[in-house]
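Taken from TrEMBL, the feature active site, proton donor covers A:Glu55. Marked as Zn(2+) binding site by TrEMBL: A:His53, A:Cys83, A:Cys86. The domain 'CMP/dCMP-type deaminase' annotation in TrEMBL covers A:2-117.
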Number of protein chains: 2
Amino acid sequence: MFTDEYFMKMAFQEAQAALEKDEVPVGCIVVYNDRIIARAHNLTELLNDVTAHAEMQAITAAANMLGGKYLIDCTMYVTLEPCVMCAGALAWSQLSRIVIGARDEKRGFINKGLSLHPKTEIVSGILENECSALIKDFFKSKR
Amino acid sequence: MFTDEYFMKMAFQEAQAALEKDEVPVGCIVVYNDRIIARAHNLTELLNDVTAHAEMQAITAAANMLGGKYLIDCTMYVTLEPCVMCAGALAWSQLSRIVIGARDEKRGFINKGLSLHPKTEIVSGILENECSALIKDFFKSKR
C-alpha cells in the first residue's frame with residue numbers, strides 16, 4: 001500500500017491545493033515510518049514571501065514534529081524538482097531520501113550542478129506526467 | 001554617516017546576539033532608503049530549524065515590512081557569505097545590493113559557482129577581520 005506512487009499522490013493533492021489559491025502548483029509531504037509528518041504547498045503569493053516554497057515549510061514542520069532539526073530516516077515527496085534555495089535547505093536537513101515528480105530543467109538544482117546531502121538518496125520520475133502537466137498548464141494559463 | 005561600515009556594525013551586533021545564545025554567530029540587516037527594515041541573527045539551534053539562518057529570517061521580515069515579496073532597492077548587510085540556501089532565496093528576492101563581511105570558502109555560494117539575481121550588486125570585505133574572527137573563535141571554542 002505505502003508505495004512511492006501512493007505518497008506522491010498526497011504531494012500532488014497539496015499541489016492542487018496551491019493551484020486553487022492561484023499559487024505556482026507545487027506540493028510536498030514528509031514521511032517518517034510510513035506516516036506523513038508534514039504537508040505543505042507553495043504559498044509565496046499569499047504570504048508575500050519568496051521563501052515560502054512547499055519544501056521550506058515542510059522542512060520546518062517536519063523538524064518541529066520530530067523535535068530535532070535533522071530529517072534522518074525521512075522521505076520527502078515533492079511534485080517538482082527543488083530549486084537552489086530548497087536544495088540548500090535539504091542539504092542542511094540531512095534528509096535520507098527524496099522522491100521527485102517532475103524535473104525542472106531551468107530552475108532545478110540538478111542542472112545547477114548542486115547536490116543534496118551525501119546521504120540523501122534521490123529518486124525521480126514518480127507521477128511525472130501528472131506533476132509536469134499541472135505546472136505547465138498553470139504557466140500556460142498565465143501567459 | 002550611513003556608510004557600509006556603519007551598517008555592517010549593526011549586522012555585527014546581530015551576530016554577537018547569536019553568539020550570546022550559543023548559535024553560530026551570523027547576523028544580518030536589510031536597509032531601504034538608509035533605514036533598517038529588518039534585523040536577524042542565526043537561530044537554527046533555538047528554533048530547531050535548519051532554515052532559520054539570519055538571511056532567511058531577514059528576507060521574510062523585510063518583505064513583510066515592505067508589503068511586497070521583492071527586495072528591490074534594498075541592501076542586505078551580512079557578516080558571513082551566504083550559503084547555497086540563502087543565496088537561492090536572495091536570488092528569488094531580487095535584492096539590489098548585498099554587502100558581505102567575511103568570505104565562507106567552504107559553505108559559501110561563490111565557490112559553489114552560484115550567482116544571485118543578475119541585478120544584485122555584490123560587495124565584500126567590509127569589517128572582514130572582525131566578522132571572520134567572530135566565527136572562527138566560535139568554532140575553535142566548540143572543538
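Every residue, even glycine, has its Cβ placed from backbone N, Cα and C.
Unlike curated records, TrEMBL annotations are generated automatically.
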Cβ neighbours within the same chain of A:Cys86 (Zn(2+) binding site) - under 8 Å, at least six residues apart: A:His53, A:Glu55, A:Met56, A:Phe109
Cβ contacts of A:Cys83 (Zn(2+) binding site) (under 8 Å, same chain, 6 or more positions away): A:His53, A:Asp104, A:Arg107, A:Gly108, A:Phe109
Candidates from A:Glu55, A:Cys83, A:Cys86 close to chain B, where recorded positions are judged by Cβ under 8 Å: A:Cys83, A:Cys86
For the domain 'CMP/dCMP-type deaminase' (A:2-117), the number of residues DSSP places in helix, strand and coil: 47 helix, 28 strand, 41 coil
A:Glu55 (active site, proton donor), number of other Cβ atoms within 10 Å: 28
Confidence summary (mean pLDDT) of the domain 'CMP/dCMP-type deaminase' (A:2-117): 97
